[in-house]
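Asker: First, the structure itself, so that you have it in front of you.
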Amino acid sequence: MANDQLQVLNALDVAKTQWYHFTAIVIAGMGFFTDAYDLFCISMVTKLLGRIYYHKEGAATPGTLPDNVASAVNGVALCGTLAGQLFFGWLGDKMGRKRVYGMTLMLMVICSVASGLSFSHDAKSVMATLCFFRFWLGFGIGGDYPLSATIMSEYANKKTRGAFIAAVFAMQGFGILAGGMVAIIVSAAFKANYPAPTYEMDANLSTVPEADYVWRIILMFGALPAGLTYYWRMKMPETARYTALVAKDAKQAAADMSKVLQNLFQKDIFSAIGWIPKAKTMNALEEVYRIARAQTLIALCSTVPGYWFTVALIDKMGRFKIQLMGFFFMTVFMFALAIPYHHWTLPDNRIGFVVMYSFTFFFANFGPNATTFVVPAEIFPARLRSTCHGISAASGKAGAIIGAFGFLYATKGIGVKNSLIILGVINLLGMLFTFLVPESKGKSLEEMSGEAEYENGTETQSGQP
């Protein structure tokens, strides 16, 4: 590796933490904020969509989305995300991180707004429009996974790199909380202004016409934070590592460096164990409010703390230990919920179920959900880093797609208990595969990827007579 390139990369590795690093976390994290907001919100409005568009006269219970429609609405964004991870990951290595970064955010803004629109009021048209724009929303979100991780890993020094990458990922926690709060506020406001009887009292009047605005407002709000950060994302310089190692421009890399250094279906489980009332005992807006409140409480007490435990400890404990610990406790809690499942469905034991269920979310985020985002950004060479992170993220998203499309059918076909057992087995397999993961704590990106040795070897050979 040329001496001037080494100087640039060494300067990055030993650089002090600057204010710019923290602004970069927020700017890079907005994609994950939008991702979490969108996926969190759609799970809260699907029941409302069922009441509005699939109501059947004389039915004893409120309308619900057909299984195939529910799976499509919940899962189509994940399909788009997988495609976006692969495409934009590859494009980020070809065109540079900065040039592609703005495309993904603009796509998210446009499709977040468009997902709340529809060309008519019949069920098929609304669902088709929603699924179409949610696919492209997911496509943009998918691009943010490899680009945000790669950019943050290439900006950071080796001492705090893990915490910085994990902090970008932890912006999902704020997206989840924002989604819950927006849903609570919007549903509460409409509920106060448009009171309605429960479904048992009057099936037709339990869903007021104004409820059709609720889900649209909730989904469209996700465009706001992403749009607000677009300007600042465009102001971010290209990463010095990409410029030096891929574009082979050490002078421009030094200039870029100077700029840097100067500055799932929770709702169904809640219903199954009786933590929220039966649908027919509530009106449409009350149901949205109850689901949002329950999911936000879970996020506040377990999901969000899990993210930030990772941020605080990943550069102390290391990636391997956190991932192994996370998978271990997720396995324990899944089996502890599944094996005595009937015990947890009894009224006196429901709070215990919720507490243990919350711990699975805590250790998912203080565990593999965060580490599998961090590690791929560290172990691959710069010329392939974005592409390979996209492939890694897409592999994880494939599992999420199976969960979104399969869990709904599984709970109805084999029951919640057996579904939880399957999840426990999958977590156990994840724990075993963790032993193949290299530890990157305290090492430079070039040490992990072997680029320093490769470049030095090439240079030595080329210098021989």
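Numbering starts at 1 and runs along the chain as displayed.
Glycine is treated like the rest: Cβ placed from N, Cα and C.
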Asker: Which one of 288-309, 354-375 shows up in TrEMBL as transmembrane segment?
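Answerer: When 288-309, 354-375 are checked in TrEMBL, transmembrane segment belongs to 354-375.
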Asker: Relative to the transmembrane segment (100-119), which of 20-46, 163-190, 324-342, 354-375 accounts for the most Cβ pairs at distances under 8 Å?
Answerer: 20-46
Asker: Between the transmembrane segment (420-438) and the stretches 20-46, 163-190, 213-232, 324-342, 354-375, work out which stretch tops the count of Cβ pairs under 8 Å.
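Answerer: Going through each listed stretch, the top one turns out to be 324-342.
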Asker: Is it the case that the transmembrane segment (354-375) and the transmembrane segment (213-232) have 3 or more CB pairs under 8 Å, with pairs at least 6 apart in sequence?
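Answerer: Counting Cβ pairs under 8 Å (6 or more apart in sequence), the transmembrane segment (354-375) does not reach the transmembrane segment (213-232), since there are fewer than 3.
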Asker: State, in range form, which of 20-46, 213-232, 324-342 has the highest count of Cβ pairs under 8 Å to the transmembrane segment (163-190).
Answerer: 20-46
Asker: Quick test of the contact rule: Cβ under 8 Å, at least six residues beyond the ends. What residues does that give for the transmembrane segment (324-342)?
Answerer: 353, 356-357, 359-360, 363-364, 366-369, 371, 416-418, 420-421, 423-424, 427-428, 430-431, 434-435
